[in-house]
Structure formats: C-alpha cells, structure tokens
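What follows is a single structure, written as structure tokens, with notes after it.
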Amino acid sequence: MSPRYAVFGQPIAHSLSPHIHAAFARQEGIELDYTAIESSPEGFAAALESFAASGGAGANVTAPLKETAFALCKTFTSRAKLAGSVNTLLRKGDYWHGDTTDGVGLVRDLTDRHELDLRGRRVLLLGAGGSARSVAPALLDAGIRELVVVNRTPERADELVDAIGEPGRALSRYWDDLRDLGDFELIVNATSAGRDREAKFELPLSLVNTMTTAVDLNYGDAAVAFLAWARAASCRNMVDGLGMLVEQAASSFQQWHEVRPDTDPVYAELRAKNALAGEE
Ligand code: ATR
C-alpha cells in the first residue's frame, strides 16, 4: 500500500494544505498522495482509523479537530503535550504520534520572513483555544519578555498560563481589563471570532505603540476583522496567518519526508492570490 497523507478538518474544502504539500513534493521530486478529508469531532476517531487502514502515514489536523486529535495520539512531542493540541500526526506502527508545528511556524514566519526581532518584546495573545496553546510556548522560546493571555472565557486563559508554568513571564488577564494592560510590540489574534462574517474587533487603542505588529493566525476573510482594527489603530505591521500556514506545513512535511522544502516560492505564489486583508 502506498503511503497516504491528508488534512482533516471541518470545513475543509477550501484548505490550502493539499496545494502546499503538492508544491513541496514537486520541489523534492516526491510522488505524494495528499487529500483533504472532512470530519466532525465526533466522527474523527473513526475517520482516522479508516485512513490508517488504507495506508495513512501522516496527517495534518485543523479546526475544530486539534484537541480531539491530541486525545487520539499515543505519543507526543513535548511541545504538543504542553499545548494539549496537535496539528501533525505521524503513523508509527499501529498508533499515532502527535506534534504541533503551528508555534514554530509562526515564529519562523515572523522572524525569518518579516524580520521581526521578538527578543525582549511584550506580547498580547488574544484567545486560549488550540491555536493559542500551540503558539504560546513557541513565542516564549523565541525570547519574548512577557506574554499576556486574554480570553473571552477567562478560565481557559488561566489554564493556558498554568500549563506554561512561567509565572513571571506568562500571565492571564481579563478581556474587560484590556484598557489597563499598557502597550505591546506584538498583538496576536488567536481567536476564531473573525470566522464569523459579522465579526468586529473593538480593542482599546492604548494597546498599540509605535512598534506594534498585529498578527492574525487566520488568513483570508477570517483575518479581515482583526486586521481592519489593526490598520485603523495604526499598527506598524500587519501580518496574517498565510506565512505561518506555509511554515507549519513545511515542518510537517519535513517530519514525514525527512527533507525541509523551500517555503519562499510557495508563500509567494499563495500571497499573489491571497492579498493581505484590506490590500488591493
Ligand atoms: P482554534 O483551534 O482555532 O484555536 P478553538 O480551540 O475553538 O479554535 O478556540 C477558539 C478561540 O477563539 C477561543 O479562545 C475562543 O474563546 P472562548 O474560550 O471564550 O470560547 C475564541 N473566540 C471564539 N469566538 C470569539 C468571539 N466572538 N470573541 C472572542 N473570542 C472568541
């Protein structure tokens, strides 16, 4: 049976992952079978089982399945364990090994592509779901000074911060207190609020300083609302999740095929088709 790869999620029809992995495979001269498979959280265990039975060797997992995927893995990388969330599955014998490459993908996009120096920065993380949990430890590893986590449901922000276990550097605050938190060099939107077409972000302007970069982990329509706020608030840089998407895919690809693809041409091609929210 030839190995199969796939991305699972719901909805999944518009996922760019099959295209990205096909482009990487062409670069490396690898023949690749990588498809998109729609699955609900309830149906995911069975879908993954049948994928494995038909030659499934690796998978990416996107919303809303990252935490369900975690529960279906037998072994993990330490960063996946910390996040309680996986986006990359690797078949090992008769079980799945889980990793999360979102965090390293984000950091690589910000530092290599956008040439941001994260060291010593104050960072505001909006959200405490699977995506937020994947990126928080990677931001701390990149040398930021302080991570303030704010979530609509405050208990989830507390849990995230507790899991990180660096009380001096990572702390949780209430959404209602955003006005009192001072300013940040990096503001990361890891909420899924922008996926609602009616969404509007109304965040205090006091969060922004002359250096602030605003990052939405989403791309396309889902990033419009947050980046529109960032533009109106005169943030210095605005970054959507397209670069992170390509970088996290490269890290998954590397684990499955033991070679790191060149992300720049793939990113450039996708960027040409996906203008940053608000750009012509
Ligand atoms: P993902 O895998 O994309 O992280 P998730 O785990 O479902 O998705 O997490 C969604 C995140 O977006 C959560 O932090 C959620 O806040 P709650 O924990 O309070 O649910 C946040 N979120 C979703 N809709 C939101 C909204 N309208 N306003 C603010 N936060 C929102």
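From the backbone N, Cα and C atoms, a Cβ is placed for every residue, glycine too.
Note that TrEMBL annotation is computational and uncurated.
Database features, via TrEMBL:
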ACT_SITE  LYS66  active site, proton acceptor
BINDING   SER15, LEU16, SER17, THR62, ASN87, ASP102, TYR219, GLN248  shikimate binding site
BINDING   GLY127, ALA128, GLY129, GLY130, SER131, ASN151, ARG152, THR153, PRO154, GLU155, ARG156, LEU217, GLY241  NADP(+) binding site
DOMAIN    7-89  domain 'Shikimate dehydrogenase substrate binding N-terminal'
DOMAIN    117-193  domain 'Quinate/shikimate 5-dehydrogenase/glutamyl-tRNA reductase'
DOMAIN    241-271  domain 'SDH C-terminal'
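If you compare every pair of Cα atoms in GLY127, ALA128, GLY129, GLY130, SER131, ASN151, ARG152, THR153, PRO154, GLU155, ARG156, LEU217, GLY241, the residues listed for NADP(+), the longest distance is 26 angstrom. All protein chains considered, the CB of ASP102 (shikimate binding site) has 31 other CB atoms within 10 Å. For ligand 1, the nearby binding-site residues are GLY127, ARG152; that is, of ASP102, GLY127, ARG152, these have a C-beta under 6 Å from one of its atoms. Within the model, the domain 'Quinate/shikimate 5-dehydrogenase/glutamyl-tRNA reductase' (117-193) carries an average pLDDT of 96. Residues listed for shikimate, SER15, LEU16, SER17, THR62, ASN87, ASP102, TYR219, GLN248, cover a largest CA to CA span of 17 Å. Each of the binding-site residues GLY129, PRO154, GLY241 was scored by the number of other CB atoms within 10 Å of its CB, and the largest score is that of GLY241. Under DSSP, residues within the domain 'Shikimate dehydrogenase substrate binding N-terminal' (7-89) fall into helix, strand and coil as 35 helix, 18 strand, 30 coil. In sequence order, VAL7, ASN60, LEU245, ALA249 are the same-chain residues whose CB sits within 8 A of the CB centroid of SER15, LEU16, SER17, THR62, ASN87, ASP102, TYR219, GLN248, the residues recorded for shikimate being left out.
Reduced to three states, the DSSP call for ARG156 (NADP(+) binding site) is helix. For GLY241 (NADP(+) binding site), the nearest neighbour among the recorded positions SER15, SER17, LYS66, ASN87, ASP102, judged by Cα separation, is ASP102.
Each residue contributes its Cα atom, and for SER131 (NADP(+) binding site) and THR62 (shikimate binding site) those atoms are 9 Å apart. Over all protein chains present, the Cβ of ARG152 (NADP(+) binding site) has 14 other Cβ atoms lying within 10 Å.
Cβ neighbour density within 10 Å is lowest for THR62 among the binding-site residues SER17, THR62.
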